[in-house]
Amino acid sequence: MLKQVLLPYGVHFPRSFFLHSPPPPSSSSTLPLLRTLRISSFSSIKMAGEEEKQELKFGPYKIHKSEVFYATNLSYAMVNLRPLLPGHVLICPKREVKRFVDLTAEETSDLWLTAQKIGNQLESYHKASSLTFAIQDGPQAGQTVPHVHIHVVPRRGGDFEKNDEIYDAMDEKEKELKEKLDLDKERKDRSFEEMAQEADEYRKLFL
């Protein structure tokens, strides 16, 4: 299996790197074919399909792949169970990290670059004019799921009577989210099918 290789930024491979050497003289000798190689913004190489096999978690909860619409080597973006406004999504590190301070420098950079990219696309898609980026870092800040996540919310004029009301609303949604995940109650507002459909639409923005 091809292992992940980290390389300094700007390193280029000669064409010969991607070619196989001739197999040894044996009729039973075979070499695995290299499938598509992808070089990320951090110059890491992965075999195509490896990322899809990785199980994504949100704190102690498993996230169904149909709810995820974008991913890098270190971060992923998923639709929200109970969005405050259209386009309200969550950006999370793939590694289960409880507090923002515990992220590595590479994870921190990738998380915010991912949030920037997604925010830009969703603001345009929902014909919004602004964005709210928010992190609730720790229980006293309103965090209920122990996994760092950035709320990205496209904004329009008049969506909240007072702009700061969005943070109170975000606290309430965090509590509701944890209750839903813990108790797996019947969903009355958004079904798995609705969330999967939304994720599929967002996925098309990044093709």
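Note that Cβ sites are derived from N, Cα and C of the backbone, with glycine treated the same way.
Counting only residues at least six positions away in the same chain, the Cβ atoms of Phe58, Leu90, Ile91, Cys92, Ile135 sit under 8 Å from the Cβ of His149 (active site, tele-AMP-histidine intermediate). The active site, tele-AMP-histidine intermediate annotation in TrEMBL covers His149.
TrEMBL lists Asn80, Gln136, Gly142, Gln143, Thr144, Val145, His151 with the feature substrate binding site. Counted within 10 Å of its Cβ, the other Cβ atoms near His151 (substrate binding site) come to 22, all protein chains included.
Positions annotated as domain 'HIT' by TrEMBL: 54-162.
For the motif 'Histidine triad motif' (147-151), the DSSP-based tally of helix, strand and coil residues reads 0 helix, 2 strand, 3 coil. Taken from TrEMBL, the feature motif 'Histidine triad motif' applies to 147-151.
Summarising the annotation, TrEMBL assigns site 'Important for induction of apoptosis' to Tyr167. Sequence-distant neighbours of Tyr167 (site 'Important for induction of apoptosis') (same chain, 6+ residues apart, CB-CB distance under 8 A): Ala134.
For the motif 'Histidine triad motif' (147-151), same-chain residues at least 6 beyond its ends with a Cβ under 8 Å from one of its own Cβ atoms are 57-59, 88-93, 96-100, 102-103, 111-112, 115, 132-137, 170. Shown are the binding-site residues Asn80, Gln136, Gln143, Thr144; of these, the residue with the fewest other Cβ atoms within 10 Å is Thr144. As a whole number, the greatest separation of Cα atoms within the substrate-binding residue list Asn80, Gln136, Gly142, Gln143, Thr144, Val145, His151 is 17 Å.
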